[in-house]
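Participant: I have a structure I would like to understand better, so I am pasting it below and will then ask my questions one at a time.
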């Protein structure tokens, strides 16, 4: 009797194990099948190109966005951005006051000098204190000093971030004791991407049957981060390359002798030459157009070596469009130097973008989705 019970128990255990093994195998097969239908997108670009802002927009647009815990995690980041920015402006003002022939306009008031020294010391720390109302009032006083405003106008020479004005105009709210960052604050927050981050989404919603599912990879743009891209190159459906077209008069954070636009040109050329991208589609985002359209009327495009042959033709909106089309053509020429014009297995599209403009980013990704779906249908012989 005991032997029969033992055999029955072993038989039941074997059956359970077989059932579990079959279930695991079924899940693995399902995941492998689902994985085949996920399109891989690689988000590339030099440092400060705005690609990480694009990445955050995708999370807001096509996923659940940021929960309260994630929003709160940006508080120290945003406060650090404030301290770093005001230190850059203060130290830059001191440098201009010492070295410029018209140094008088860079002379701080006695009140600003005292505030500035304290803030510069805080900005040089490894750990920043939480932004308080008292500190924010000091920062606001310093920010409004005419000498700081003169320095800010030369921000391209000092690595002053694009978010400076936004941060300074929101100091009161950012320093509130109960402050929780808004979605807009998170988009403006500057954190250098290190390593690789990824997100999975569908531009048409959660229902995977209604459209393509994409896995988007964002990688560090600074030079020392680029070696981490290599293992991501295989099996990519498309490269989304971000080029900050407003940065034609700026230098790299990591190499102040190198023009940012020249770095972007060389990086784009290098990526195009990679054998693993021979049949990969390229979506070029000419980003930061909002800054470009203001800057190009004041700072000649031909200050950049790549744009030496640019000739202005007009003023106002007409000149902005002329300058934009010139830059666009330069990138097109670079692409076709690396790709035969009659290639049909490699799609190339250019989009004018502003990473902070959510409506524009949404519209752009819908267009990218349509382009890639059409390519898939062509490859399948359905078009």
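Using N, Cα and C of the backbone, Cβ positions are placed for all residues, glycine too.
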Participant: When Swiss-Prot marks a stretch as region 'G2 motif', which of 185-193, 194-202, 203-211, 230-238 is it?
Facilitator: 185-193
Participant: In Swiss-Prot, which of 353-358, 359-364, 365-370 is tagged region 'G5 motif'?
Facilitator: 353-358
Participant: With DSSP assignments reduced to helix, strand and coil, which class does residue 48 (GTP binding site) get?
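Facilitator: It is coil.
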Participant: By DSSP, what is the split of the region 'G2 motif' (185-193) into helix, strand and coil residues?
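Facilitator: Here the numbers are 4 helix, 0 strand, 5 coil.
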Participant: Taking helix as H, G and I and strand as E and B in DSSP, count the residues of the region 'G5 motif' (353-358) in helix, strand and coil.
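Facilitator: Helix (H, G, I), strand (E, B), coil: 1 helix, 0 strand, 5 coil.
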Participant: Mind checking which of 52, 193 has the fewest other CB atoms within 10 A of its CB? They're the binding-site residues.
Facilitator: 193
Participant: State the count of C-beta atoms found within 10 angstroms of the C-beta of residue 162 (GTP binding site), not counting that atom itself.
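Facilitator: By my count, 20.
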